[in-house]
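Below is one structure, written out as structure tokens, with a few remarks after it.
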Amino acid sequence: VCTLFVYSQPLDDACLSYLNNNLTPLIEFEVLKWLKNPTFGLKFLELSRLNLNINHSFWTYNLLIRSFCCMGLYGSARLVFDYMKIDGHLPDSTLLGFLISSFGRAGEFGMARKLLAEVQSDDVMVTIFAVNNLLNMMVKQNNLEEAVSLYKENLGLNFNPDTWTFNILIRGLCRVGKVDQAFEFFNDMRSFGCFPDIVTYNTIINGLCREYEVDRGHSLLNEIRLRDDCAPNVVTYTSVISGYCKLGKMEEASALFDEMMTSGTLPSVVTFNVLIDGFGKVGDMLSAKSLYEKMASFGCIPDVVTFTSLINGYCQIGDVNRSFQLWDAMKVKNVSPNVYTFAITINALCKENRLREACRFLRELQCRNIVPKPFIFNPVIDGFCKAGNLDEANRIVAEMEKKKCDPDKVTFTILIIGHCMKGRMLKAISIFDKMLSVGCPPDDVTVRSLISCLLKAGMPKEAYRISTITS
């Protein structure tokens, strides 16, 4: 049959008559497997539906639908699904879940929602797992409003959400800062017979702390401690500790850290990192160093975030030389610095006018597999411009561009003001024109500074041109 179909198109009446009398659903399913090509399989299915008296089996449709989805041909999969329904077959929950997941992974959320609505009107069982899977993919692909809409649409259609459903929606809402809306779902859980688990609590506590509502997060932590079926874990404590650190409330953060230890919950590397970073930002390097030294006793190995936080702390209190010792410690422990480790150190050196040392770190950065960013180069360029060494500043910009790191608004503004201060007005105008040509819009500081310098230099026409362009 495969040979006839592939090599003898169109089939004559005698051939069609023979197939009509002898082809069974089982043989037809085997034909599709032998053809191996879903496009041929669909053509054979359409031929047999139109010209042969075949009642295709569920497994024929199942095979074709799955094959088309695996190839990314979702329109064809949907067509086969429609043929399946017309021919009197309803999908089982496994095939339906597979289809919905496939559409969701491809971002075809409209197609998935339409499919859900259709099968529910046909009284086909849709598992909560399938709906949750689709909601999860919507949230992951930043289609939060569509996920909330899908949830509300399905509430009246024999859809009973579970704890995972609420966790998905709460996570998505907290991620975009809509904590109050997340709380609405949190409060709705019990009306559906669902109870928040530790994932629910951790998600909403983290969302509150990221929005600086740390006291509310702490209250929820205390609520968990009173429950018999749920207990706070290291993630719960670390979220609230991190919130206090971001607010600079290190006493509260330290007290909660001690409470966590007393409860028998061991800290993680992340817990130590947020505390070290918090102490570093308030200039308490004794406490930061003490925590760093305790890490090993809890089985926590310092990582690049630990060292970067310590380096940042020492740089903030003006002790750049002490931060170099941490660079040495990183080498000994085989911890590679990241883009922020370099940026913090370079910026601190530039503040102390140690531009040559900053250039040494720039060269080391370029030898590593780190994607350079403009904010690393800008302090060095600014330092050389303020020192009147424009040639060196231009050299660094050229090196920056060679590494495919395009100058940003700050870079251009530094260069424009630097050249104006040296009286190189035409060069400053040229840099401004380049800024516009590469699609980097200047801000008010750039425009006002350039116009002011042009007027002082007796170039009102150029000042007027700049003003007209930017307005």
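Note: Cβ is positioned from N, Cα and C throughout, glycine not excepted.
Annotation comment: TrEMBL describes 57-91, 162-196, 197-232, 233-267, 268-302, 303-337, 338-372, 373-407, 408-442 as repeat 'PPR'.
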What are the DSSP helix/strand/coil residue counts across the repeat 'PPR' (338-372)? 25 helix, 0 strand, 10 coil
Long-range neighbours of the repeat 'PPR' (338-372), counting only residues six or more past its ends (CB under 8 A): 304, 307-308, 311-312, 315, 318, 320, 323, 327, 330, 379-380, 382-384, 387, 396, 399-400, 403, 405
Going by DSSP assignments with H, G and I as helix and E and B as strand, what are the residue counts for the repeat 'PPR' (57-91)? 27 helix, 0 strand, 8 coil
Taking residues 6+ outside the repeat 'PPR' (233-267), which of them lie with a CB under 8 Å of any CB in it? 198, 201-202, 205-206, 208-210, 212, 214, 217-218, 221, 224-225, 274-275, 277-279, 281-282, 284, 287, 298, 300
